[in-house]
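As written in TrEMBL, here are the features:
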type: DOMAIN; residues: 12-434; note: domain 'Major facilitator superfamily (MFS) profile'
type: TRANSMEM; residues: 12-31; note: transmembrane segment
type: TRANSMEM; residues: 81-100; note: transmembrane segment
type: TRANSMEM; residues: 106-127; note: transmembrane segment
type: TRANSMEM; residues: 139-163; note: transmembrane segment
type: TRANSMEM; residues: 169-189; note: transmembrane segment
type: TRANSMEM; residues: 252-275; note: transmembrane segment
type: TRANSMEM; residues: 287-308; note: transmembrane segment
type: TRANSMEM; residues: 320-339; note: transmembrane segment
type: TRANSMEM; residues: 345-368; note: transmembrane segment
type: TRANSMEM; residues: 375-393; note: transmembrane segment
type: TRANSMEM; residues: 405-429; note: transmembrane segment
Amino acid sequence: RARHAGPPDGGWGWMIVAGCFLVTICTRAVTRCISIFFVEFQAYFGQDYARTAWIHSIVDCATMLCAPLGSLISNHVSCQVGIMLGGLLASTGLILSSFATSLEHLYLSLGVLTGLGFALCYSPAIAMVGKYFNKRKALAYGIAMSGSGIGTFILAPVVQLLIEQFSWRGALLILGGFVLNLCVCGALMRPISLKEDCKTAPELLEQNYVPETEKQDLKRMSICSPLIKLWPHECLCYCSWKEYDFLLMPGFMVLAVSILFMAYGCSPLFVYLVPYALSVGVSHHQAAFLMSILGVIDIIGNITFGWLTDRRCLKKHRYFCYLFAVGMDGLSCLFLPVLQSFPLLVPFSFTFGYFDGAYVTLIPVVTADAVGTPLLSSALGVVYFLHAIPYLVSPPVAGWLVDTTGSYTASFLLCGFSMIFSSALLCFARLAKKIKRTHLPSLTGNTALKQHIWTNGAIAYSVTAELDQRDVEFLAVDTNSFSKR
């Protein structure tokens, strides 16, 4: 296990980026390509749109819902073990799906089992990138997460060709073998120990920032646990028993609420963009081309926005860059109902695809800024867990609105306002924090906040109070007279 004072920002870190890039291809890109099987499943099993659509929703939901489990295995066992185990589960799910005899079979194999495997791989791989990079973190994440767009662009026509040549059963079997590459990705995830998140008990006891109650716990552990003495070179992670304290941080709580609205707004568009384009008279090939454009521009957004936000002029403002990207995607959705021809839908695919890639790149960065690198793996598990329910609910809700109103307008408007609210919530939270910081010095400047400590025998007393000038002068005189005595 390598021990570093800080993230190396290079070296083996680029292999970690390559591994995470392949993980996003094998998880997120494969998940998107499952929608290509929609028509095949519907025709073979003779079911309606609603029941068939649950397959894609369950995969997405299981991937995000079980993300904390992936973080837990990564933190307490090994990131390598977690990703390899996830690859085996996902591959098994796809292979078993090739023998499906009913939609319920696919719900369990393709939905639950494959989604669980993806969950064990996704968040730990992303967290590893954050441990190896600091200065170029956004660029590293942009490259790593561009695998989703690149994988979709390449795999979509390949999967369609496989279905035509080997039927949907053969295509799922081949995808099961392809997903086994997650085991190779797991082997690349070499662990790294950073001083900021990994210290021994004596080192922690010497730190001034460690609370007294935690020092008492560390003393008891060093006395009661002989294992620490047996393994002097192993580090005791201070966050091991405090790894979910960030849930009570106000900044993370606001981010979590905004993630719920953002996830609700972004999911239905990937499901209903092609049906909407077909409903306004766009041909099948042009509608599929819109998705290809969205995937390619998503890649450009991943990399270029990550590179831009790593520049010195924007690095301090990555938070606002994230909420700007989310807001722009929401604004694009609001204009979508009036775009009713192929030439008008092409600019929409460019805009939505670019900013979708942009904010996806910055989710881990914003999360790391909110909770710190030591807690990033656990925090990302919670963040992706929060995606689960919106991903499961939003496509059926959007479909119900289409069935009820007879148009896609209400669905797209709800998606747009949801993403704009997510962005506005983060903006108001940051402005409120800045206002509080601005007024705090003025409030404390009017009164003298003093702490007086005196002793009475062996007992020390400490009192903190707001003292006016007369009290300060009185105490000064009293102290002088006491010292003369």
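The backbone N, Cα and C atoms fix where each Cβ goes, and this holds for glycine too.
Keep in mind that TrEMBL annotations are predicted by a computer and have not been checked by a curator.
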Result, the transmembrane segment (252-275) in contact with the transmembrane segment (106-127) (3+ CB pairs under 8 Å):
no
The transmembrane segment (405-429) versus listed stretches 12-31, 139-163, 320-339, 375-393: most Cβ pairs under 8 Å:
320-339
Counting only CB pairs under 8 A, let me know which of 81-100, 139-163, 252-275, 375-393 has the most with the transmembrane segment (169-189).
81-100
Same chain only, please: residues at least 6 beyond the ends of the transmembrane segment (375-393) with a C-beta under 8 Å from a C-beta of the stretch. Say none if there are none.
57-58, 60-72, 74-75, 119, 122-124, 126-127, 130-131, 239, 243-247, 252, 255-256, 259-261, 263-264, 267, 363-364, 367-368
Look over the recorded stretches 81-100, 139-163, 320-339, 345-368 and say which has the most C-beta pairs under 8 A to the transmembrane segment (287-308).
345-368
List, by number or range, the same-chain residues at least 6 past the transmembrane segment (345-368) whose CB is under 8 A from its CB atoms?
126-127, 129-130, 137-138, 141-142, 145-146, 148-149, 252, 255, 259, 262, 266, 269, 273, 277, 282, 290-291, 293-302, 305-306, 309, 318-319, 321-322, 325-326, 328-329, 332-333, 335-336, 339, 376, 379-380, 383
Short question: which residues 6 or more past the ends of the transmembrane segment (81-100) have a Cβ under 8 Å from it?
23, 26-27, 70, 73-74, 106, 109-110, 112-121, 124-125, 169-170, 172-173, 175-177, 179-183, 185-187, 189
